[in-house]
Amino acid sequence: MSCVKCGADSVLATRGSNFCGPCLSADLFSRFTRTFAVKNSELPRGEAACVAWSGGESSSLLLHYMNTFLNKTLKNNTAARFSSVVVCVVDYSCLLSKSRESIESEMKEMQTVVESFGFTFKRVPLESVFANENGDLGLHLVADGADEQIRLLQHRGKAPQGATPLSHTLSLFESLRTTPASNATTAVSLLSTLVNRLLIRTALANNCTSLIMGPNASTIAGSIVTATALGGGFNLPNDISLEYKVPGANLVIFRPIRDLLWIEVEKIVQVDSVQIFHAVARMADGLFGSLVAAPGADHNNMNVSKMTIQELAKSFVSGLQRDFPQSVSTVTRTAFKIETGSSVAGLQTCLLCASPIQPNSQKWRKSHTVSALSEVVLPEDPVKPVTQLGTTSCETPNAHIADDLLCYSCQHVSRDVSNRKAFVVPGEPWFLGGKASLFSECVDANSAKCCGNESACASGRNHPGRVENLREQIQDFLLEDDDE
Amino acid sequence: MKVCQLCSVQRAQLKRPKTGQSICKQCFYAVFEYEIHCTIVDNKLFKRGDRVAIAASGGKDSTVLAHTMTLLNKRYDYGLDLVLLSIDEGIAGYRDDSLETVKRNQTQYELPLLIVSYEELYGWSMDKIVAQIGTKNNCTFCGVFRRQALDRGASRLGVDHIVTGHNADDVAETVLMNLFRGDFARLKRCTQITTQSTETADAAPLTIPRSKPFKYTYEKEIVMYAYFLNLDYFSTECTYSVEAYRGYARVFLKDLEKVRAAAIMDIIHSGEAYQAQEGLEDRASAPGKQKKPAQKQGNCERCGYISSQKLCKACVLLETLNRGQPAVTIG
């Protein structure tokens, strides 16, 4: 087949046309540059930008494009689109048990590449998440931008002897391996949340007003399916939009290659000889003991229960693309139309991921799931009429305190850790912060202790005496069980 | 002995799919029924004195629906007048057997029953349709015809409301399916608990509202409930297969459930966020883009059923079937 533009031999058939290497290169690069010329863009001009780099194909292509783009404007003698570029690589090798030699060696190479472009290289260790945005080391996970009241609360209580940011990071992830609900999905979500937090923090600390990230269309399709399956639909528009203004910060997240398909990225990386750093890029593969599906693998032949939802979504999108080639574009185009109200100003933000919290979502799960007999209300008199259906709304029990601090997706993290209190009790190692009023219900902020019924508070289970009482009340209403 | 996590008294006899809790049968019945009651009450599905048709196929969902609606109506004194409404699509070896189950349910729950058939309404049974068009698109015919048949049956019964046995898995699956096939309009409305075509040119309500009291109820729990209570239901799948795309979404949903059971509820939560927000415009209809005017609902010229076109979908499909066939009457 010959190239649709110049008639040379084609290297890739995509979107209904064939392209030779140079034409493909020119076409994809022009699609990248066009994203900077979108009308009504909020992306700052002439200021410092931070580029997130994982070492993988997509973000490496992004970095290559950023270099080409800035050199081009320089040659054309036009005003620089960005005054300077900081490249941030988040290093979570602290979580690895295997040898880190190849990672160390690749990190050095990455630094050389970045500096050869005239950009600044920042390697940020994951454990620095237990520090504040000023770089001061702390021992808590208090969200950036938390108010002074919270900062005071975090110093209550004593950290275990010898505790360091690294030990706190390791114990946080370890706690997700030891709970009955342990599935690597939550660990992968948490890692992604913390990486994003560090990227934003690095951008702000280096006076960058834009954070440029490199998800491609296929990655975005996987993120759409993942976010939907994790209940994070409310923030989906912010997670996949071309640009997103971070609430409460002078920072715009920008995704200029979100329309490029994976096959296009894979091919252009070869054509343009973009260097990829596999050891760094795949640090997280199977990190938490989950199965990793090869792209396009038939996951139905795998033990899916050992996969994460993120891997399952990725594998599913690959399969969907194989069986229905237009599906990735269909999924992304559909999701780009979604408007949920998450960009409305003034929404409370999640203390873990900093995304806006959907109003009334904190108690949503609880209001549709009865998990304690104390929640079951039976009519005292079975023939007593309910005069107006809908006016006797079911009692919604108070959600656990952590649910008030976190967005719906992040509630999985607080639910799956072995020590849930550690997120919400001031002085505990992973304390997130929050308004003091939230703590009056269960926690005495001065003593950092629970109300005295710790097990009931922590697990949401009812007090034993009340269970007996309720059981007596409902005894007559239970259905016959002939099997007993 | 593993003790029930809810009552701390009985032996735990099942692991609840929705919460993962190990509980006894009695506690399961209590929470299962109460959750459905909450869905009904919190969403204000009915008002006292309503006549409500339970769409009954004889399958597990509709059998448990008939059972719980009868039970909750008595327990909480909703004051509803319940009736059973069944559609006979005319599928030998499937619907005829399941309708026998519905007839037994009628006796068990002492509810009136009306059966309306495709043959009677359209002059075509599904067996005849499949004989003519094959199994490829037969679900399209069945879906369009069933929707209209339910409305016509409900109209004959003089009901104010129809309840269907769509469960949480069905809703989550539909969210995924609409996302995968790019049906943005349906994606925005597929998680609504009650649907109704409300306005004609003269602003009159046209269809009878339909609700899903099982919107937040897991399919596995419905099966468990029917099994433990030994309810009389028919368990064979439709012989004419499922839509390919829905099947794709279904398999994926089951995989997600294996990884994390809460995924079903989480998808519904996401789907509810995708519902059109009041006062918000779609990004696609940004300033400068011309917005399509809302379609006005009218009536089908041939059968009188609601339609935004001259002919309703059922009449269009019938026309394709009837090419070369004797004319049929509708309604």
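Residue numbers in this text run from 1 along the chain shown.
Backbone N, Cα and C define each Cβ position, glycine as well.
The domain 'tRNA(Ile)-lysidine/2-thiocytidine synthase N-terminal' feature in TrEMBL is assigned to B:52-237.
DSSP classifies B:D170 (ATP binding site) as helix under the three-state reduction. The number of other Cβ atoms within 10 Å of the Cβ belonging to B:D170 (ATP binding site), over all protein chains shown, comes to 21. What TrEMBL lists as ATP binding site is B:A55, B:A56, B:S57, B:D61, B:I87, B:G165, B:D170.
The domain 'Cytoplasmic tRNA 2-thiolation protein 1 C-terminal' annotation in TrEMBL covers B:298-328.
Sequence-distant contacts of B:D61 (ATP binding site), defined by Cβ-Cβ distance under 8 angstroms and a gap of at least six in the same chain, are B:G165, B:H166, B:N167, B:F214, B:E219, B:I222.
Cβ environment of B:S57 (ATP binding site): B:S86, B:I87, B:R95, B:S98, B:V102, B:G165, B:F234 lie under 8 Å away, each six or more residues apart in the same chain. Counted over all residue pairs in B:A55, B:A56, B:S57, B:D61, B:I87, B:G165, B:D170, the record's binders of ATP, the longest Cα to Cα distance measures 20 angstrom. Per-residue confidence over the domain 'tRNA(Ile)-lysidine/2-thiocytidine synthase N-terminal' (B:52-237) averages out at a pLDDT of 89. Neighbour counts were taken at the CB atom with a 10 A radius for the binding-site residues B:A55, B:A56, B:I87; the maximum falls on B:A56. For the domain 'Cytoplasmic tRNA 2-thiolation protein 1 C-terminal' (B:298-328), residue counts in helix, strand and coil come to 10 helix, 4 strand, 17 coil, using DSSP. B:D61 (ATP binding site) carries a helical DSSP state (H, G or I).
In the three-state DSSP scheme, B:A56 (ATP binding site) falls into the coil class. Every protein chain considered, the tally of other Cβ atoms within 10 Å of the Cβ of B:G165 (ATP binding site) stands at 23.
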